[in-house]
Amino acid sequence: MSLLLSFYLLGLLVSSGQALLQVTISLSKVELSVGESKFFTCTAIGEPESIDWYNPQGEKIISTQRVVVQKEGVRSRLTIYNANIEDAGIYRCQATDAKGQTQEATVVLEIYQKLTFREVVSPQEFKQGEDAEVVCRVSSSPAPAVSWLYHNEEVTTISDNRFAMLANNNLQILNINKSDEGIYRCEGRVEARGEIDFRDIIVIVNVPPAISMPQKSFNATAERGEEMTFSCRASGSPEPAISWFRNGKLIEENEKYILKGSNTELTVRNIINSDGGPYVCRATNKAGEDEKQAFLQVFVQPHIIQLKNETTYENGQVTLVCDAEGEPIPEITWKRAVDGFTFTEGDKSLDGRIEVKGQHGSSSLHIKDVKLSDSGRYDCEAASRIGGHQKSMYLDIEYAPKFISNQTIYYSWEGNPINISCDVKSNPPASIHWRRDKLVLPAKNTTNLKTYSTGRKMILEIAPTSDNDFGRYNCTATNHIGTRFQEYILALADVPSSPYGVKIIELSQTTAKVSFNKPDSHGGVPIHHYQVDVKEVASEIWKIVRSHGVQTMVVLNNLEPNTTYEIRVAAVNGKGQGDYSKIEIFQTLPVREPSPPSIHGQPSSGKSFKLSITKQDDGGAPILEYIVKYRSKDKEDQWLEKKVQGNKDHIILEHLQWTMGYEVQITAANRLGYSEPTVYEFSMPPKPNIIKDTLFNGLGLGAVIGLGVAALLLILVVTDVSCFFIRQCGLLMCITRRMCGKKSGSSGKSKELEEGKAAYLKDGSKEPIVEMRTEDERVTNHEDGSPVNEPNETTPLTEPEKLPLKEEDGKEALNPETIEIKVSNDIIQSKEDDSKA
């Protein structure tokens, strides 16, 4: 249609004889996105002299590299490359003829910008604790709507008010921390075009280094080949790099320094004095750096250079010296090992005997009026704040002999050997001698006197044969410190005095318990038992009952009921039996009916119940029988009666009913009558729920034993057959060889061994002679009845005993004021603290 219109207009012009201009542009309106290229063709009808293009600002367009105008006859083409927003507007195409007349046409160019992301960097890194701004520059025309998403949730909906969108569409995170790391999505939308685009941005939070140094101060000793390791751990993100500095210089690994674990450990080797000082650990990463300092203090450890053992004498004085060196100068402490008591410089004991003085690493411990308790080990400890050193010395105290035992009086009698012990301690050890009347014992004419040395003891064994052997003996001990002696007395022993306070404390038809008091004097020799004599009043024969040890209580058994008895008590020591006590009379109880029996029960096997009878008071006559009556409690059954012999200790009730309660009455009978009945009630358990009998439940004991023997024989046969085929031995192999006429050398040897053994048993076997001793023949301790060693030819029959003894647990006690000591027909009153038996 437009073409026809053009030809029509052309015809009009030709016919009129005038050339009219007419301008057209191929496009009247164009939309173009930024960055796209477009061209427009302008056509002039007529005889144009020129065709020009004008930009929206009215300026004539001159060709450039981006905007190009090309003219081809009556056409002119405008090309715009890589259009931008500024290119938008109305472009005019103007044609001019020779007469200067112009015609023009216009085209409207609209330029829009697609969603464009500029300067979007991923990842974006921030420092922990700062206010972060995540940059996302997005543009379009019209302006886009921008939103941020984190974990598929818009940040504007997150309750954390640290997140906010800025006016420039960037995301702000206040006080960002490590937990905020992740992927954030920047999304742009153009509603008019339905256009959407996004960019995922990785946000990384860098944490500045934080150094952890578990120990900052170190002590080391110089010139000892020691080494010290510093530890420096650093946390942060990214992982910090650790380096060490000393005096401002970087430490590198060499013979002096060792670096381990990514420089987390620094070891200083062969420490010397100059190695002391600060060591700086520095940790660095993108977020910053941190440093901490470790300090190495190098000291000379204390060392004791002089300490030696000392020897002094009792009541003397001595000075103990301890010298030590070190840097810093150490303090010296003394410690007495025996009691753990410590002394430091300036200390003084309460009694003023011990005093410590010292200065500049030297200490002196001075002791005056030396006591034996001061002897022993002394520890010297030199200590400073970097360590310590300890050594020990020994203080030896020499002293004159000391007699340990306080017992100086011993008792014996003619024909009874006794050992007198002279126990001496001394330093140095003393020489010990026995004397009597200035005569050193044993003398040639004193065959009944012998001496034995056992360590620090010198034992004098005396076997008295006459009154002359009783009297004073002297023990003398000597060393280079001094001489000491002690006098001992061998006194003539006597039999004990009579016990008193005899009484009956318990009484029955056939027994009586007798109690009495110990005698006032045991005669100088310990009492080893008491003798209680008992007889019926009408009888002349006394029965003797011996006490157990020195117990002052004796039980008399097998007495006749309702009978009057007489008793008397005498004490017996090594010398012999003492005087009897005053005779006491008592009467046993008459025979009566037994007391009610005491019963306790428990279920027995099956439908039976076991009633156990506790030993009871039989009234003085043996129990002849028990009469048992029982019946069920749940119904009015008649009583069933059962009699059991009196020597039985239990009763079995059989054929009872499951879960049934029973009532039992038990009466005991002796020859005088019946006791009151004892009532006992019990209930039977429910019937057992037996699911299945096993094989062995159905077999008797003999069958089970038979099966066991058969199994054992089967195992032996299998073992013998295995030995036959594997090792060519066993019973089967023996039978085979005998049947085949073979005989091994080992069999001959075995036979010879058997024959030799038989000959030995026949000719040389003799049973050893074993000496048997009954319980009554055993030697017992007279004090508590325990076994003791039997006396030999050098052991006296009596043991020395300290006086006085405590009156407790049945042991003998002797009042020293009542003892007379017989010495060579003289009477010597013993002292309370020296009288020892």
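Yeah, the Cβs are placed from backbone N, Cα and C, and that goes for glycine too.
Annotated features in Swiss-Prot:
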SIGNAL    1-19  signal peptide
CARBOHYD  Asn177  N-linked glycosylation site
DOMAIN    208-297  domain 'Ig-like C2-type 3'
CARBOHYD  Asn219  N-linked glycosylation site
CARBOHYD  Asn309  N-linked glycosylation site
CARBOHYD  Asn406  N-linked glycosylation site
CARBOHYD  Asn419  N-linked glycosylation site
CARBOHYD  Asn445  N-linked glycosylation site
CARBOHYD  Asn474  N-linked glycosylation site
DOMAIN    498-591  domain 'Fibronectin type-III 1'
CARBOHYD  Asn562  N-linked glycosylation site
TOPO_DOM  719-837  topological domain 'Cytoplasmic'
COMPBIAS  764-785  compositional bias 'Basic and acidic residues'
MOD_RES   Ser765  phosphoserine
MOD_RES   Ser786  phosphoserine
COMPBIAS  799-814  compositional bias 'Basic and acidic residues'
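Ranked by CA distance from Asn562 (N-linked glycosylation site), the glycosylation sites Asn219, Asn309, Asn406, Asn419, Asn445 have Asn419 at the top as the closest.
Asn474 (N-linked glycosylation site) falls within a strand segment according to DSSP.
Using Cα positions, the member of the glycosylation sites Asn177, Asn309, Asn406, Asn419 nearest to Asn219 (N-linked glycosylation site) is identified as Asn309. Mapped onto DSSP helix, strand and coil, the domain 'Fibronectin type-III 1' (498-591) counts 0 helix, 50 strand, 44 coil. Annotated pair Asn445 (N-linked glycosylation site) and Asn419 (N-linked glycosylation site), C-alpha to C-alpha distance, rounded: 19 Å. Between the C-alpha atoms of Asn309 (N-linked glycosylation site) and Asn406 (N-linked glycosylation site), the distance comes to 34 Å. Fewest other C-beta atoms within 10 Å: among the glycosylation sites Asn177, Asn219, Asn406, Asn419, Asn445, that description fits Asn445. Cα spacing between Asn474 (N-linked glycosylation site) and Asn177 (N-linked glycosylation site): 100 Å, rounded to the nearest whole number. Asn406 (N-linked glycosylation site) sits 15 Å from Asn419 (N-linked glycosylation site), counting Cα to Cα.
Residues belonging to the domain 'Fibronectin type-III 1' (498-591) score a mean pLDDT of 94 in the model.
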